[in-house]
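According to TrEMBL, the protein carries these features:
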{"type": "REPEAT", "residues": "31-63", "note": "repeat 'ANK'"}
{"type": "REPEAT", "residues": "64-86", "note": "repeat 'ANK'"}
{"type": "REPEAT", "residues": "106-138", "note": "repeat 'ANK'"}
{"type": "REPEAT", "residues": "142-174", "note": "repeat 'ANK'"}
{"type": "REPEAT", "residues": "175-207", "note": "repeat 'ANK'"}
{"type": "REPEAT", "residues": "208-240", "note": "repeat 'ANK'"}
{"type": "REPEAT", "residues": "392-420", "note": "repeat 'ANK'"}
Amino acid sequence: TALHCAAVNPEHSYLAHLLSSVPQLEAQDGHGWRPLHYAAVATCTAPLELLLARGTSVYAVDQNGDTPLHKAACAGRSSNLEVLLRFASAAEKGGPFRGVDRPNKEGWTPLHLAAKNGHLEAAQVLIRYKADVNRTPGAPFSQISPLMCTAQQGNCDMVHMLVSAGASVELLDECGRTALSHAVLNGQTAVCAKLLRLGSNPNRADVGGNTLVHYAAAYGWLNCLRLLVEAGAAPHKTNSSKATPVLVAFLKGHMGIVDYLLDQPGVELGADSPSDAGTTGRTLAMRALRSQLSSSVYARLQFLLERQSSDISRVDQDGNNALHYLALADSEFRHAQSLEELELKKPSLDVAHIEAMQARLEKERKEHERWLEQLEWLLLSNGCSPSAVNKEQLSPLSLALHKGSLLLVQLLVEAGNQPD
């Protein structure tokens, strides 16, 4: 409405004029914003002071549960926060304003929003008015502190300010993760270094036994990993699934991380050991071939063969070797493509969407076939048997025929193999 627009206008005379004729201080827009919410994000304090003088409520909430404090904190309006908090504290007769830590419907306090959005001065104002620097949302929300929020964003100045104000670097969220965990998850190297200097534990593990080294390995953050190891993090610990960081890095295709970790004392990849606690007998080569065929899969197999002297002829508990897995990977890819091609037949799709989807599918098909051919050659040239039968008495060639993997059948036949 005109009243809401006037409330955000730095020229407060328009607001004063409207209020004289339409004194609707608590009028709401379609999102539940009142004039005070708009004034809270204005670029000056005049509209805010005018509305507060007329008696509007500092506790008003919109549909998301945001108070004017949330809006000002999110927008980084530190002067507006000062006005709101000074007014509210005066109304509390000098006591602390109980609304400074009020969460919205997502569990965020104004300090969370200031931290998430990197508004240092706004956060300082809130803390000066006794905002709880270690406040976390209650269930069912993630138990994220303001320090964890800013660690995710990589703001070193905010980290320093919050810790100086009493934020705990070892506070845990519901998954057992600290602010350092959140920094590592997001690849925030500078904040990782800062938190380590501030005393954060480099060997912290979450409720699933994942260490910070696991996180860095899984997400491919080599610089974070180096910092952790240099700070004393153990690079070889297993999580509750018995996976080491180097195994996680390998399965994710982060070969630079794998190289770095294998240079650390006590770290081994175990290329030909069952990689899933012995339940299926799958080797790392087999696990790699369960991914979509790509340059990453090729690089991982090449690494196993050239750097780890992997025995590519090994079989799983069902008698399948790596070529069997290649046939299964091709079958799964073609099945997924056939499902998408069915979607193209929906009458609701427009021509442009259909053409774009067809172009994408064709590009993916060509890429898949390219790596299928290269992987077949890599496996054959390193001794993986195309004639070895599994427990169902199917060779890789027979399995490819059974699954309709015609390109792989052609490649194997051209290499001199015949069906059973």
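Quick reminder: no glycine exception, Cβ is built from N, Cα and C everywhere.
Caution: TrEMBL annotation is automatic and unverified by curators.
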Original post:
What are the DSSP helix, strand and coil residue counts for the repeat 'ANK' (392-420)?
Top reply: 17 helix, 0 strand, 12 coil
Subject >> For the repeat 'ANK' (106-138), sequence-distant contacts whose Cβ falls under 8 Å of one of its Cβ atoms, 6 or more beyond its ends >> reply: 64-65, 67, 69-70, 72-78, 81-82, 85, 89, 96-97, 100, 144-147, 149-150, 152-153, 155, 157-158, 161-162, 165-168, 171, 173
Original post:
In the repeat 'ANK' (31-63), how many residues does DSSP call helix, how many strand, and how many coil?
Top reply: 14 helix, 0 strand, 19 coil
**OP:** Summarise the repeat 'ANK' (64-86) by DSSP state, stating how many residues are helix, strand and coil.
**Re:** 17 helix, 0 strand, 6 coil
Subject >> Tally of residues which DSSP labels helix, strand or coil - the repeat 'ANK' (142-174) >> reply: 17 helix, 0 strand, 16 coil
Original post:
Average pLDDT across the repeat 'ANK' (175-207)?
Top reply: 97
**OP:** Please list, for the repeat 'ANK' (106-138), how many residues fall into helix, strand and coil according to DSSP.
**Re:** 16 helix, 0 strand, 17 coil
